[in-house]
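Copied over from Swiss-Prot:
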DOMAIN    3-193  domain 'Glutamine amidotransferase type-1'
BINDING   57, 58, 59, 88, 134, 135  L-glutamine binding site
ACT_SITE  84  active site, nucleophile
ACT_SITE  170  active site, for GATase activity
ACT_SITE  172  active site, for GATase activity
(Lines of atoms letter the chains of each structure in order from A and count residues from 1; the text may use other names and numbers.)
(Lines give C-alpha, C1' and ligand atoms only; values in the text may rest on other atoms or scores of the structure.)
Protein backbone atom coordinates (compact mmCIF):
# COMPACT_ATOMS: atom_id res chain seq x y z
CA UNK A 1 0.00 0.00 0.00
CA UNK A 2 1.28 3.42 -0.95
CA UNK A 3 0.75 6.77 0.72
CA UNK A 4 -0.17 8.91 -2.26
CA UNK A 5 0.26 12.66 -1.93
CA UNK A 6 -2.01 13.87 -4.70
CA UNK A 7 -1.41 17.32 -6.22
CA UNK A 8 -4.75 18.58 -7.52
CA UNK A 9 -4.30 20.95 -10.45
CA UNK A 10 -7.94 22.07 -10.19
CA UNK A 11 -9.26 19.51 -12.64
CA UNK A 12 -12.65 17.82 -12.84
CA UNK A 13 -10.95 14.42 -13.23
CA UNK A 14 -9.14 14.70 -9.90
CA UNK A 15 -11.65 12.79 -7.85
CA UNK A 16 -12.02 9.99 -10.41
CA UNK A 17 -8.29 9.40 -10.15
CA UNK A 18 -8.30 9.72 -6.35
CA UNK A 19 -11.19 7.24 -6.12
CA UNK A 20 -9.35 4.78 -8.37
CA UNK A 21 -6.23 4.92 -6.18
CA UNK A 22 -8.39 4.37 -3.08
CA UNK A 23 -10.26 1.44 -4.67
CA UNK A 24 -6.85 -0.11 -5.29
CA UNK A 25 -6.19 0.11 -1.53
CA UNK A 26 -3.88 3.10 -1.30
CA UNK A 27 -4.08 6.02 1.14
CA UNK A 28 -4.57 9.32 -0.69
CA UNK A 29 -4.14 12.83 0.70
CA UNK A 30 -5.11 15.69 -1.61
CA UNK A 31 -3.21 18.98 -1.84
CA UNK A 32 -4.27 21.83 -4.15
CA UNK A 33 -1.55 23.28 -6.37
CA UNK A 34 -1.72 26.56 -4.46
CA UNK A 35 -0.75 24.95 -1.14
CA UNK A 36 2.44 25.68 0.82
CA UNK A 37 5.34 24.16 -1.15
CA UNK A 38 7.65 23.75 1.84
CA UNK A 39 5.04 21.95 3.95
CA UNK A 40 4.22 19.54 1.13
CA UNK A 41 7.92 18.81 0.51
CA UNK A 42 8.41 18.13 4.23
CA UNK A 43 5.38 15.82 4.32
CA UNK A 44 6.59 13.94 1.24
CA UNK A 45 10.05 13.40 2.70
CA UNK A 46 8.73 12.23 6.08
CA UNK A 47 5.93 9.88 5.00
CA UNK A 48 6.81 6.20 4.42
CA UNK A 49 6.00 4.64 1.03
CA UNK A 50 5.20 8.06 -0.42
CA UNK A 51 4.28 8.50 -4.05
CA UNK A 52 3.65 11.97 -5.43
CA UNK A 53 0.76 11.93 -7.93
CA UNK A 54 0.42 14.87 -10.32
CA UNK A 55 -3.13 15.34 -11.59
CA UNK A 56 -4.54 16.48 -14.90
CA UNK A 57 -5.52 20.13 -15.13
CA UNK A 58 -6.17 23.08 -17.42
CA UNK A 59 -3.50 25.21 -19.03
CA UNK A 60 0.22 24.57 -19.18
CA UNK A 61 2.60 23.24 -16.51
CA UNK A 62 4.01 26.76 -16.02
CA UNK A 63 0.54 28.04 -15.09
CA UNK A 64 -0.15 25.30 -12.53
CA UNK A 65 0.86 26.82 -9.19
CA UNK A 66 3.57 24.85 -7.38
CA UNK A 67 3.58 21.98 -9.90
CA UNK A 68 6.99 22.60 -11.52
CA UNK A 69 8.78 23.75 -8.33
CA UNK A 70 7.44 20.66 -6.52
CA UNK A 71 8.81 18.33 -9.19
CA UNK A 72 12.16 20.11 -9.03
CA UNK A 73 12.34 19.68 -5.25
CA UNK A 74 11.24 16.02 -5.12
CA UNK A 75 12.26 14.39 -8.42
CA UNK A 76 15.38 12.79 -6.93
CA UNK A 77 13.78 11.90 -3.60
CA UNK A 78 10.30 10.35 -3.98
CA UNK A 79 8.51 8.29 -6.64
CA UNK A 80 6.30 10.36 -8.95
CA UNK A 81 3.40 9.49 -11.25
CA UNK A 82 1.86 12.06 -13.59
CA UNK A 83 -1.36 12.07 -15.61
CA UNK A 84 -2.05 14.41 -18.56
CA UNK A 85 -0.87 17.82 -17.26
CA UNK A 86 1.28 15.92 -14.74
CA UNK A 87 2.86 13.99 -17.63
CA UNK A 88 3.55 17.22 -19.53
CA UNK A 89 5.00 18.84 -16.39
CA UNK A 90 7.48 16.00 -15.88
CA UNK A 91 8.67 16.31 -19.48
CA UNK A 92 9.06 20.10 -19.08
CA UNK A 93 10.74 19.84 -15.65
CA UNK A 94 13.47 17.63 -17.11
CA UNK A 95 14.07 19.94 -20.09
CA UNK A 96 11.57 18.82 -22.73
CA UNK A 97 8.92 20.95 -24.41
CA UNK A 98 5.13 21.13 -24.16
CA UNK A 99 3.48 22.12 -27.44
CA UNK A 100 0.02 22.13 -29.03
CA UNK A 101 -1.03 18.66 -30.16
CA UNK A 102 -2.65 19.97 -33.34
CA UNK A 103 -6.14 19.02 -32.21
CA UNK A 104 -8.29 19.22 -29.10
CA UNK A 105 -9.22 15.80 -27.78
CA UNK A 106 -12.05 15.33 -25.31
CA UNK A 107 -13.03 11.74 -24.59
CA UNK A 108 -11.32 10.40 -27.70
CA UNK A 109 -10.41 6.71 -27.58
CA UNK A 110 -7.09 5.88 -29.25
CA UNK A 111 -5.32 2.54 -29.50
CA UNK A 112 -1.80 3.18 -28.21
CA UNK A 113 1.18 0.92 -28.85
CA UNK A 114 3.39 0.17 -25.84
CA UNK A 115 6.62 -1.67 -25.03
CA UNK A 116 5.06 -4.28 -22.69
CA UNK A 117 7.63 -3.28 -20.06
CA UNK A 118 7.38 -1.91 -16.51
CA UNK A 119 3.87 -0.45 -15.99
CA UNK A 120 2.54 -1.98 -19.24
CA UNK A 121 3.66 -5.57 -18.63
CA UNK A 122 1.06 -8.10 -19.84
CA UNK A 123 -1.51 -5.46 -20.86
CA UNK A 124 -3.40 -5.39 -24.17
CA UNK A 125 -1.30 -4.12 -27.06
CA UNK A 126 -2.50 -2.03 -28.77
CA UNK A 127 -4.38 -0.70 -25.75
CA UNK A 128 -7.51 1.48 -26.01
CA UNK A 129 -7.12 4.61 -23.85
CA UNK A 130 -9.09 7.82 -23.23
CA UNK A 131 -7.49 11.08 -24.30
CA UNK A 132 -8.47 14.54 -23.08
CA UNK A 133 -5.78 17.00 -24.14
CA UNK A 134 -4.76 19.75 -26.52
CA UNK A 135 -1.07 19.85 -25.51
CA UNK A 136 1.63 17.19 -25.72
CA UNK A 137 5.22 16.58 -24.71
CA UNK A 138 7.96 16.92 -27.30
CA UNK A 139 11.77 16.70 -27.39
CA UNK A 140 11.77 14.09 -24.63
CA UNK A 141 14.76 14.45 -22.31
CA UNK A 142 17.28 11.59 -22.61
CA UNK A 143 16.54 10.52 -19.02
CA UNK A 144 13.17 9.15 -20.17
CA UNK A 145 12.05 6.14 -22.18
CA UNK A 146 8.88 6.31 -24.26
CA UNK A 147 6.69 3.45 -22.99
CA UNK A 148 3.77 4.13 -25.32
CA UNK A 149 2.88 6.26 -28.32
CA UNK A 150 0.10 7.01 -30.75
CA UNK A 151 0.84 8.37 -34.23
CA UNK A 152 4.15 9.79 -33.02
CA UNK A 153 2.64 11.42 -29.91
CA UNK A 154 4.24 10.39 -26.61
CA UNK A 155 1.53 8.65 -24.58
CA UNK A 156 3.58 7.29 -21.65
CA UNK A 157 7.08 7.65 -20.24
CA UNK A 158 9.26 6.19 -17.54
CA UNK A 159 12.56 7.49 -16.18
CA UNK A 160 15.66 5.41 -16.94
CA UNK A 161 16.97 5.53 -13.35
CA UNK A 162 14.43 7.16 -11.03
CA UNK A 163 10.98 5.91 -9.95
CA UNK A 164 9.04 8.29 -12.21
CA UNK A 165 6.36 7.44 -14.76
CA UNK A 166 3.59 9.34 -16.51
CA UNK A 167 0.70 9.08 -18.94
CA UNK A 168 -0.67 11.60 -21.43
CA UNK A 169 -3.97 9.71 -21.45
CA UNK A 170 -6.37 9.10 -18.54
CA UNK A 171 -5.94 5.63 -16.95
CA UNK A 172 -8.85 6.34 -14.57
CA UNK A 173 -11.35 6.79 -17.41
CA UNK A 174 -13.90 4.04 -18.03
CA UNK A 175 -12.86 4.36 -21.69
CA UNK A 176 -9.32 3.19 -20.88
CA UNK A 177 -9.25 -0.59 -21.12
CA UNK A 178 -7.25 -2.09 -18.21
CA UNK A 179 -6.70 1.37 -16.71
CA UNK A 180 -7.09 0.13 -13.14
CA UNK A 181 -4.54 -2.63 -13.72
CA UNK A 182 -2.18 -0.10 -15.32
CA UNK A 183 -2.42 2.18 -12.27
CA UNK A 184 -1.79 -0.70 -9.86
CA UNK A 185 1.19 -1.95 -11.87
CA UNK A 186 2.51 1.61 -11.99
CA UNK A 187 2.32 1.94 -8.19
CA UNK A 188 4.08 -1.41 -7.74
CA UNK A 189 6.76 -0.43 -10.26
CA UNK A 190 7.32 2.91 -8.50
CA UNK A 191 7.60 1.37 -5.03
CA UNK A 192 9.95 -1.42 -6.15
CA UNK A 193 12.29 0.67 -8.29
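Note that Cβ sites are derived from N, Cα and C of the backbone, with glycine treated the same way.
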- Item | Closest of 84, 170, 172 to residue 57 (L-glutamine binding site), Cα positions, active-site residues only | 84
- Task: Within 10 Å of each Cβ, count the other Cβ atoms and name the one among the binding-site residues 57, 58, 59 with the highest count.
- Result: 57
- How many neighbouring Cβ atoms, not counting its own, are there within 10 Å of the Cβ of residue 88 (L-glutamine binding site)? 30
- Which residues does residue 172 (active site, for GATase activity) neighbour through Cβ under 8 Å, counting only same-chain ones at least six apart? 13, 16, 17, 19, 20, 83, 179, 183
- Note on the structure: argmin Cα dist to residue 170 (active site, for GATase activity) over the recorded positions 58, 59, 84, 88, 135 returns 84
- Task: Return one of helix, strand or coil for residue 88 (L-glutamine binding site), based on DSSP.
- Result: helix
- Message: Across the domain 'Glutamine amidotransferase type-1' (3-193), what does the mean pLDDT come to, as a whole number?
- Response: 93
